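What follows is a short report on a single structure.
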Amino acid sequence: MEFRKLFLHSSVLVLHFAFSSSRDTITINQTLHDGDFLISRENNFALGFFSPGSSSFRYLGIWYHKVREQTVVWVANRDDPIKGSSGVLSIDQYGNLVLHSYHKQKAPVWTTNVSVEVTDYCVAQLLDTGNLILVRDKSESTVWESFDHPTDTMMPGMKLGLNRRTGMNRFPICWRSADDPGTGNFSLRINPNGSPQVFIYWGIKYIWRGFPWPLKSYADILNVSFVNNQNETYSAHSVTDASVILRITLDHSGLLKKLIWHEKDGKWNEFWSAPKSPCDPYGHCGTYGICDPDYLSRRFECDCFPGYEPKSPRDWHILKDASGGCVRKRLESTSLCGHGEGFVKVANVKLPDTSAAVWVSMNMSPTDCEKNCRRNCSCSAYASIDIAGKETGCLTWYGKLMDTVNNREEGYDIYVRVDAVELAEIAQKWNGFLERKDMLAILVVSVVSAWFVIILFTYLWLKKKKERVRNKWNKRWLDTIGRTYYNETSVENQVEGSMSHPEIAFFNLSTILAATNSFSPANKLGQGGFGVVYKGKLSNGKEVAVKRLSKDSGQGIDEFKNEVLLIAKLQHQNLVKLIGCCIQGEEPLLVYEYMPNKSLDSFLFDMAFMERRENMGDS
Ligand SMILES: *[C@@H]1O[C@H](CO)[C@@H](O)[C@H](O)[C@H]1NC(C)=O
Ligand SMILES: *[C@@H]1O[C@H](CO)[C@@H](O)[C@H](O)[C@H]1NC(C)=O
Ligand SMILES: *[C@@H]1O[C@H](CO)[C@@H](O)[C@H](O)[C@H]1NC(C)=O
Ligand SMILES: *[C@@H]1O[C@H](CO)[C@@H](O)[C@H](O)[C@H]1NC(C)=O
Ligand SMILES: *[C@@H]1O[C@H](CO)[C@@H](O)[C@H](O)[C@H]1NC(C)=O
Ligand SMILES: *[C@@H]1O[C@H](CO)[C@@H](O)[C@H](O)[C@H]1NC(C)=O
């Protein structure tokens with residue numbers, strides 16, 4: 001008996017498994033009972049009945065099939081729980097998905113309610129995106145999809161926002177609690193006014209505001225896009241790495257969270273959430289207030305825009321309550337229009353609420369943007385913004401500036417309209433700052449100059465010392481050769497000594513470089529095993545051939561000396577005349593007279609001669 005029961009049980013399980021893994025659709029007259037599942041083709045998502053948390057109620061929902069921790073992304077009957085396992089999902093003769101509970105005999109617990117015409121073809125399919133779609137005819141046009149009716153989770157590919165043609169507004173609403181998927185009080189919605197923004201609402205009250213479009217662009221794992229035209233206003237996201245399971249959810253406490261499933265840890269890792277900082281709650285510093293989340297250095301996170309002051313100084317300074325916001329200074333006495341007013345920059349802020357803002361043009365220079373704002377007396381501020389991949393946009397505000405937050409990483413500069421008095425005061429402060437800055441600059445410059453002078457002198461001294469050593473060396477060498485120098489008048493020759501019997505000159509490397517155009521390939525005459533020969537022209541017009549003895553010719557400086565000595569002794573009609581050498585660079589250089597008519601032969605001969613010498617030296 002026990003065995004029989006066990007066998008039955010396991011065969012049910014096996015059947016169940018085979019059934020559920022193969023099925024991702026239901027059609028007319030088919031049913032899905034509590035305990036049955038639809039599994040999407042790639043096993044990404046499952047649809048079935050579940051009980052959330054400690055609740056004993058049953059709900060029809062969609063969850064991640066590959067995620068161990070049951071994570072429900074969509075609930076059909078969120079406000080009409082089913083008691084016990086009596087729930088049945090089916091498609092009625094009109095082609096609507098209907099959810100019945102045996103305890104509620106007549107009216108369905110939930111229905112898609114999109115059609116009233118009898119049909120004989122209708123299929124509901126759970127897709128691998130987590131979308132449950134209802135297809136009414138064989139042309140496969142979707143008449144209903146769960147993505148249009150979000151619960152509390154935004155899925156990749158889901159649209160958040162309005163379809164102006166159908167009047168549909170898609171937005172997630174949080175659960176009541178972790179145990180109750182019923183409609184909660186927080187929602188995530190797009191406000192299409194002005195430049196559209198995403199808000200978290202509590203009822204109809206703003207709790208938090210996202211970045212105005214199209215400013216925020218994500219280049220990381222999340223690709224957020226937005227569309228705003230006469231037909232639609234929506235935002236959607238995709239995940240750039242298909243292997244990542246990512247969800248955006250509005251939890252029951254009103255926190256918007258972005259989470260990634262970590263298979264290894266077996267849990268969701270939250271990588272972003274809002275509201276979080278003291279400046280996140282909408283309008284924390286009131287109208288014309290600016291909130292600074294890094295306010296630790298100051299006593300209060302709130303400040304007023306330039307030209308504005310706290311409306312209630314007592315609340316502001318003593319109670320640290322900024323909800324009253326700020327008001328314009330000298331409100332009665334000065335005008336903001338046509339009386340020498342101007343604009344003051346407030347740098348790096350999350351731009352104020354753009355519900356009352358207008359994109360004047362997607363292609364307007366900062367100067368024109370300012371002119372545009374100045375022209376209209378009700379324009380309170382403007383921002384000139386570079387939108388990646390697009391032109392410079394001009395955003396202008398009409399009316400109050402609300403919910404501005406300092407944001408050093410992702411902020412923009414805004415220019416706020418101030419009266420002439422404020423402008424003058426700011427200019428004065430700025431000048432004062434400049435004076436202080438001047439003092440600082442002078443100090444910095446003097447310290448830097450002092451260091452520079454010290455370093456320069458040290459460098460020159462070291463250079464001089466090195467030169468002295470080199471010259472000493474040269475002199476010694478020349479003494480051993482027993483010759484005096486050849487002076488080429490226009491060549492700056494820094495070698496000390498007598499210039500009376502010119503035989504061999506010592507050239508500066510710079511002279512050689514100038515003569516050969518820095519060993520330009522165009523000046524190359526030929527190449528032998530001993531090195532490369534370049535044509536050059538000294539500053540006195542004399543044409544020379546410079547042989548660059550390759551470093552790996554294996555010759556030490558002593559061999560080189562002997563070479564020069566030998567060639568100098570062997571000056572012969574048939575040989576090209578050696579004028580001098582250079583030993584400043586890394587490679588020793590020999591400078592010959594250049595004879596255009598018999599150049600090649602001479603050089604070839606010369607090279608062969610040099611190579612012969614080298615071999616003789618080796619043996
Ligand atoms: C279906 O929709 C119609 C109108 O759109 C509405 O009157 C009706 O109450 C809805 N039925 C259910 C069960 O939601
Ligand atoms: C569904 O069931 C009804 C009633 O049993 C029947 O008349 C109808 O033909 C069935 N439709 C399909 C598509 O099987
Ligand atoms: C939603 O707000 C109403 C009205 O303030 C309140 O009675 C209710 O308890 C709130 N619901 C939740 C889930 O917090
Ligand atoms: C981001 O999404 C848009 C619209 O869906 C798409 O055109 C674009 O290719 C996506 N970019 C990346 C990097 O995935
Ligand atoms: C809006 O919808 C109409 C009708 O479907 C279409 O012709 C038009 O191109 C759409 N406009 C945009 C901007 O998508
Ligand atoms: C100023 O701009 C507002 C908002 O765009 C507009 O309604 C108003 O007509 C403009 N006023 C003038 C004088 O251009």
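The backbone N, Cα and C atoms fix where each Cβ goes, and this holds for glycine too.
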CYS279, CYS302 - which one TrEMBL pairs with CYS285 by disulfide: CYS302
Greatest C-beta neighbour count within 10 angstroms, which of the disulfide-bonded residues CYS285, CYS302: CYS285
Composition by DSSP (helix, strand, coil) of residues within the domain 'EGF-like' (275-314): 5 helix, 10 strand, 25 coil
Rounded Cα-Cα span from CYS302 (disulfide bond) to LYS547 (ATP binding site), Å: 75
